[in-house]
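These notes concern the structure reproduced below.
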Amino acid sequence: MPELQDTGVKWADLDTKGKILRVLTIAAKLILLLGLLYMFVCSLDILSSAFQLVGGKAAGDIFQENTVLSNPLAGLVIGMLVTLLVQSSSTSSSIVVTMVSSGLLEVSTAVPIIMGTNIGTSVTNTFVAMTQVGDRNKFRRAFAGATVHDFFNWLSVLVLLPLEVATGYLVKLTDLIVKSFNIQSGENAPALLNVITDPLTQSIIELDETVISGIAVGDPEAKNKSLIKVWCQTASNTVIILTVFTWKGKRTLYFAHMCQTTSLSILGNHIFVNTNLSDLAVGLILLACSLLILCTCLILIVKLLNSMLKGQVAVVINKIMNTDFPFPFAWLTGYIAIVVGAGMTFIVQSSSVFTSAITPLVGIGVIKLERAYPLSLGSNIGTTTTAILAAMASPVEKLGNSLQIALVHLFFNLSGIVLWYPIPFTRLPIRMAKALGQLTAQYRWFSGFYIIACFFAFPLLVFGLSLAGWQVLVGVLVPIVAVLIFVIIVNILQKHKPQWLPSVLRSWDFLPQWAHSLEPWDRVVTIMAARCCCCCKCCNVTEEDEETGTQENKDNEIEMYDKPTISVEIKEAKKTSDSCEILKATSL
């Protein structure tokens with residue numbers, strides 16, 4: 001990691017004044033880093049509230065489509081869409097629990113929705129990785145570190161959803177566990193991190209999340225309610241009334257009556273408590289502000305980490321985070337990382353916060369992708385333990401179904417870990433994330449296409465087809481899936497066993513270039529960007545600008561291959577050729 005090498009004056013070469021200044025500088029950076037992390041977590045909380053204000057009621061309406069929810073694939077994408085709308089898997093999961101407890105949903109119907117919430121919550125750290133798009137190397141590592149979580153969830157659903165539809169093993173297993181233990185109603189999940197963040201976030205906005213659940217269960221009054229809390233607190237006063245009775249003028253009896261009166265008071269403890277704005281307007285304001293604060297905090301955190309984690313500090317942290325246990329206990333290292341990820345997620349009570357926090361560390365190279373993967377798996381487990389504790393706080397008559405849904409979430413993630421972690425060969429999410437990271441580093445616009453296609457276009461397409469009926473859904477999706485499977489098999493055979501294929505299929509050269517390469521699309525995107533931003537400037541490039549651009553390209557050059565034998569001259573010649581083609585196309 002050349003960017004983490006220490007280029008400053010060594011500690012031994014500093015005088016007393018220099019050592020004091022360095023210590024004070026490090027202390028100030030640590031305080032600033034903690035402050036930025038605090039603002040980062042608070043901005044995520046506000047971002048979740050903003051999304052709930054913008055799309056919370058729509059999420060409740062989506063859950064009312066009971067005929068659509070009976071389709072497992074539609075239930076999966078509904079869970080994704082609702083989690084994307086409210087930006088909180090805990091909120092969407094609580095809605096599902098409420099519907100199951102009220103009898104509107106069967107446990108078997110709710111299982112695909114829970115799987116969908118698992119996918120939807122992984123989009124947050126993918127957005128966080130986009131903040132490092134300015135540096136190709138950092139973006140390559142950060143995007144791979146973020147999407148390894150995505151690929152784990154997608155692959156787990158790809159295997160476990162058909163298995164659950166065919167056998168119902170998750171429902172049967174969790175039902176057996178709930179019935180075998182006489183579990184009594186417990187306490188709410190401890191609010192560990194919220195104790196620190198709530199004073200700030202609740203001074204900005206407070207939401208009544210029961211409104212979304214009310215819409216989902218069909219409460220007509222909930223649709224007319226605002227998500228913004230206006231009546232914030234109920235005050236109860238107890239009055240003792242003393243009654244005196246005299247009997248035959250001799251005895252006096254005193255009877256004390258306790259009378260409890262309740263009054264509702266308005267507390268102006270958040271900014272929008274008395275606002276006349278609609279939920280949508282408040283949500284858009286909070287969305288813009290929270291995104292601005294979130295991006296600013298992440299950019300400053302990355303810069304601070306780059307300045308702090310250099311030299312010996314970077315070496316020590318790399319050894320602690322990425323070194324395996326000595327033989328024969330090396331295999332335990334990943335499982336310890338899973339436990340650490342679960343514990344940290346339980347502390348912060350949000351898998352999005354934890355995975356988003358480690359994404360910049362992967363980007364600057366402090367944490368390797370191979371270590372970030374088990375940490376993300378542990379994060380998936382940690383977020384389910386909080387849901388289990390929350391479910392145990394349900395009333396006794398609703399405890400069984402609530403706890404069963406929470407256990408479904410837990411065993412779904414445990415099953416995914418069994419599939420994609422113990423055997424190194426099966427750790428496909430790591431290889432897929434690396435390939436996507438290299439691709440998006442070369443064509444950075446492809447990262448936006450990936451997010452839109454996987455988290456928005458595909459769920460909306462499936463949801464729309466589900467509304468038309470399962471016959472239409474099957475008729476459209478089956479040919480698409482068949483083509484994708486064929487392409488994947490052919491690509492694998494082209495790489496490993498080309499002799500098994502007919503000569504025409506040993507490469508994709510028989511197709512037009514735009515159908516098997518991103519190069520034509522990249523030229524189109526580059527030309528469009530050039531015309532929008534600096535068309536005139538690109539047409540009049542001076543020789544000095546060309547030299548400066550060549551030097552910047554050398555500085556930002558990334559290694560896209562594992563083999564170091566690739567000639568530097570070939571790379572430079574390709575860059576010069578591409579630049580000439582772009583400039584010529586722009587001028588035309």
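Each residue, glycine too, has its Cβ placed from N, Cα and C.
For the transmembrane segment (20-47), the list of distant contacts is 11, 14, 87, 124, 193, 196-197, 200-201, 204-205, 286-287, 289-291, 293-294, 297-298, 300-301, 304-305, 307-308, 348, 350, 352-353, 356-357: same-chain residues at least six beyond its ends, Cβ to Cβ under 8 Å. What TrEMBL lists as transmembrane segment is 20-47 (among others).
The transmembrane segment feature in TrEMBL is assigned to 68-87 (among others).
If you look up TrEMBL, you'll see 107-130 (among others) marked as transmembrane segment.
Per TrEMBL, the feature transmembrane segment maps to 151-171 (among others).
For 284-305 (among others), the entry in TrEMBL reads transmembrane segment. The list of residues near the transmembrane segment (284-305) in space but at least 6 beyond its ends in sequence, with Cβ under 8 angstroms from a Cβ of it, reads 29, 32-33, 36-37, 39-40, 43-44, 46-47, 49-51, 53-54, 128, 131-132, 138, 204-205, 277, 360-361, 363-364, 366.
Sequence annotations record features per position, and here TrEMBL assigns transmembrane segment to 325-347 (among others).
Sequence annotations record features per position, and here TrEMBL assigns transmembrane segment to 402-423 (among others). Beyond the ends of the transmembrane segment (402-423), by six or more residues, the same chain brings 93, 96-97, 100-101, 107, 110-111, 114-115, 117-118, 152-153, 155-156, 159-160, 170-171, 173-175, 177-178, 183, 334, 338, 373-374, 377, 380-381, 384-385, 387-388, 390-392, 394, 429 to within a C-beta distance below 8 angstroms of the stretch.
According to TrEMBL, the transmembrane segment annotation covers 443-466 (among others).
Summarising the annotation, TrEMBL assigns transmembrane segment to 472-493 (among others). Cβ atoms under 8 Å from those of the transmembrane segment (472-493) belong to residues 71, 73-74, 462, 465-466, 500-501, 505 of the same chain, restricted to positions at least 6 beyond its ends.
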